[in-house]
Amino acid sequence: MEKVHVFNHPLIQHKLSFIRDKKTSSKDFRQLTNEVGMLMGYEITRDLPLEEVEVETPVEKTTCKRLAGKKVFFVPILRAGLGMVEGLLSLIPSARVGHVGLYRDPETLIPHEYFVKLPKDCDKRQCIVVDPMLATGGSAIAAINSLKLRGVKEIKFMCLIAAPEGVEKLRKEHPDVEIFIAGLDSHLNDHGYIVPGLGDAGDRIFGTK
Ligand code: PRP
Ligand code: URA
């Protein structure tokens, strides 16, 4: 199975062009990241297991399909991952949400964990880790390490923009994790920012710069 997916859907690419644009306001940036999160989520959840249920329509009894068993939980990597969760929840409103808090040291680019809270039955659910940016890959790897340590087995990772360096590192450290990307960019600059990228995702979502 191919483990790295780059979405070339026209709607996703259209919205991504506004997300990248430095003139886009925080309000629009938040709305667009959620919209792309939802569009990506639709594809990413394509393999959720179904079970047959009997339903009585106003006309007759019939057999339908519903999502089976324990379903998914989303894990935004704080802060910026929060910017895509609403969109995903609009697809699956009953999904649980765990959180992993990490910040990347601007000098060393090493991620530091400051918060983890997951659903109690996280080991029985499929997990979708959400972060707009996959740059060096350090944050995604650290978040997935943390999830695996707590028993999470089935993990997917989704981001808006990735650098090839980060994709390669994440593939090497966690070959079992499928990666979903809206835009695969050129490279990282000397400060560990994705080029052309979108700048600092957290600052743009929360207007902190
Ligand atoms: C950003 C981004 C990722 C990380 C990616 O978060 O949201 O989590 O950097 O970089 P990496 O792949 O090199 O680890 P940041 O640490 O800036 O924190 P924030 O979300 O709180 O702004
Ligand atoms: N984090 C961001 O927010 N943007 C980048 O380009 C790299 C890491």
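Every residue number used here counts from 1 along the chain in the order it is shown.
Glycine is no exception: its Cβ is also placed from the backbone N, Cα and C atoms.
Under the heading 5-phospho-alpha-D-ribose 1-diphosphate binding site, TrEMBL lists ARG79, ARG104, ASP131, PRO132, MET133, LEU134, ALA135, THR136, GLY137, GLY138, SER139, ASP200. Of all Cβ atoms in the protein chains displayed, 27 besides its own lie within 10 Å of the Cβ of SER139 (5-phospho-alpha-D-ribose 1-diphosphate binding site). DSSP gives SER139 (5-phospho-alpha-D-ribose 1-diphosphate binding site) a helix state.
Summarising the annotation, TrEMBL assigns uracil binding site to ILE194, GLY199, ASP200, ALA201. Within 10 Å of the C-beta atom of GLY199 (uracil binding site) sit 15 other C-beta atoms, taking all shown protein chains into account.
Look at TrEMBL and you will find 7-208 tagged as domain 'Phosphoribosyltransferase'.
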* Asked: Which binding-site residues, if any, among GLY137, ILE194, GLY199, ALA201 have a Cβ under 6 Å from ligand 1, given in order along the chain?
  -> GLY137, ALA201
* Near ASP200 (uracil binding site), which residues of its chain come within a Cβ-Cβ distance under 8 Å, counting only those 6 or more away in sequence? -> TYR193, LYS209
* Structure fact -> Whole-number Å distance separating the Cα atoms of ILE194 (uracil binding site) and ASP131 (5-phospho-alpha-D-ribose 1-diphosphate binding site) is 14
* Asked: Using a Cβ-Cβ cut-off under 8 angstroms and a sequence gap of six or more, which residues of the chain neighbour ARG79 (5-phospho-alpha-D-ribose 1-diphosphate binding site)?
  -> GLY101, GLY202, ILE205, PHE206
* Rounded to the nearest Å, what's the C-alpha distance separating MET133 (5-phospho-alpha-D-ribose 1-diphosphate binding site) and ALA201 (uracil binding site)? Just drop the number here, would you? => 7
